[in-house]
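Chemist: What follows is a single structure, and I will ask about it in a moment.
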């Protein structure tokens, strides 16, 4: 997966950076293999996005973030990328409206989820959530 | 003893504030030879020594292809200063220490300056100075640019280091695999190519363009893999380890909270853009309304001064002083309060950390024009005056973007053109005032966008400008920094523009005064107008309009005064102006005239700024030719289309 595909609020680990003109600048900023980057927010028009590397906030265009190969961390998995298994909700990445909406479905921080055959279960009850909302629910492997 | 000291550091670590603390406002700004990166230097006396400081462009790495990095690296490598100061942000030391490791490969005469030490203390974090000195092998000074703490100690240390104290070589070990390759490369570098072989070998392995090209014919290593990621990774491992050893007390990560909350509002998905528009509305309001009374006062002062000088008699010399020098230079000086006001407002936005956010919010839009969000800030200022908009393009980190922004900003309709629009629209388009004005501003925006795109396409092959930008934490701007910021930028305008305008004002005066003692109709100026008329005839402009346009080349607001002089009506006397001007212009050619005034050659102050900012006449010539052609073309289209469809 490349960095530009990672949803907001998610932390990922850098695997490698593809060669380009600005590769050394990206490396100098601390986006080096092994370091952890958090996706902070997206600009109003969807591009560029803000990232946190160490304690600095930087901004990269999606076309540049596209050069950075990353992998998900065990305690920061957006629901949309979660494979079969058991998880605990770590964070809800959205405003109050969003939180109210997902809480009606039984999703709140600390709740256990199970995914089997690509379907989502909360307390053994099947729940259907749209992909937009799935991007905003961050899980930790349980 | 004269000691040269270079300031090296990441962007936004407070490098310039430290520089200001060290030398105050006694600094001078120049361009690096051959490139348009700003070179700021300044000197100060300390304990019988002259300390000469160079503020190098902010950079994250000394291995790169961008101009800023290259300038910094080449300076340090080819003309090493006596002492290099690595300014580090104590709150975010990782990237600073990374740069320090790179710097230590070039030189040993380094002082690590841990800035923002007051903020660290307030947060209950402790830094162990001796741990840092031990690991990096360089002296460490704790400073605060805000309070001035540590500055004297820093000056003392600079002298000590320049005298050869503290010098010891600390080699960073990149691990046996890479060290093996480094040694292999070192052995193959001929003595006459590089003396600092370890550095050259490292850069070769990192595939630094310059070193790679220089060495590839000498060096033969069996594997051609790219080591840059691995080398960077090793450096960061060092950095993380050293920070763990040297930092104690509270964890640094909670710094982010308050910033995130402000960012949530200022870069909000829905409110981000309206907030930005509102902020810039306030900047304009401040620049052009709050500062206006000062401008008006200057205006009155200059016209009174000119009247007073004229009261001494009526000869060529008095006319030169009154109309040429006072009238011409005064006409530009009335903009000074606006320009200082603008830089004051911008200084506050920049220092507080909002400007990079504005760039972040707008980047998508500018990306389409092959520019980045930062260029937008520069361009929008052009609505006030094109000069500061070109001057602020200095802040753009990318050469392509800077040139593109500089060359397209003259098409932003500046406030000096407004009096011309108001006069012509008042005379010819009474019923459609705002529509006509709006259409002119629309043409202005469209052609600016087109030019930015076009210039990138022809000169830089349509390459994208990368946006790798740090968003610094929000801070309350200090009075001191804003004062220095405003004074430096504003006085730069005064000096550069002032000299050129003085010369051209005298030249213009000479052309209108001679050979018939101030009779414009038969002056040299009128010959120029009559000469230009040949070219401008197809657009429906006669010699009087041509003369006005010629002088408008100096400063566009001069068009109004030239027209009123040539036709002999008082400024503001619409009814007689209408009658007289109708002899020269039809409504259609009047509209073509508006378009022409918008687009044709940038005023002298703008051209002078283009020259000083790009350092090359090539761009000045391009700007003149390009804008004149566009003006001619578009005015002709207006006439052609107008004749075909409307009349």
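Think of each number as a place in line: the chain as shown, counted from 1.
In case you wondered, yes, glycine gets a Cβ from its N, Cα and C as well.
Automatic prediction, not curation, is the source of TrEMBL annotations.
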Chemist: Would you please say which range out of B:371-391, B:476-496, B:518-538 has the annotation transmembrane segment in TrEMBL?
Modeler: B:371-391
Chemist: Grab the same-chain neighbours of the transmembrane segment (B:325-350) for me: Cβ-Cβ under 8 Å, and only residues 6 or more beyond its ends, written as numbers and ranges.
Modeler: 279, 282-283, 286-288, 290-292, 294-295, 298-299, 302-303, 305-306, 309, 358, 381, 384-385, 387-388, 392, 415-416, 477, 481-482, 485-486, 489-490, 493-494, 497-498, 501-502, 504-506, 508-509, 554-555, 557-558, 605
Chemist: Are there three or more C-beta pairs under 8 angstroms joining the transmembrane segment (B:270-288) and the transmembrane segment (B:620-646), sequence spacing 6 or more?
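Modeler: Answer no, regions not in contact.
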Chemist: Of the listed stretches B:270-288, B:371-391, B:590-608, which one has the most C-beta pairs under 8 A with the transmembrane segment (B:436-455)?
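Modeler: So the stretch in question is B:590-608.
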Chemist: Are there residues at least six beyond either end of the transmembrane segment (B:590-608) with Cβ under 8 Å to its Cβ atoms? List them, or say none.
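Modeler: Contacts with the transmembrane segment (B:590-608): 332, 386-387, 390, 410-411, 413, 416-417, 420-421, 424-425, 427-429, 436, 440, 443-444, 447, 496-497, 500-501, 504, 539-541, 545, 549, 552-556, 559, 581, 620, 623-624, 627-628, 630-632, 634-636, 638-639, 642.
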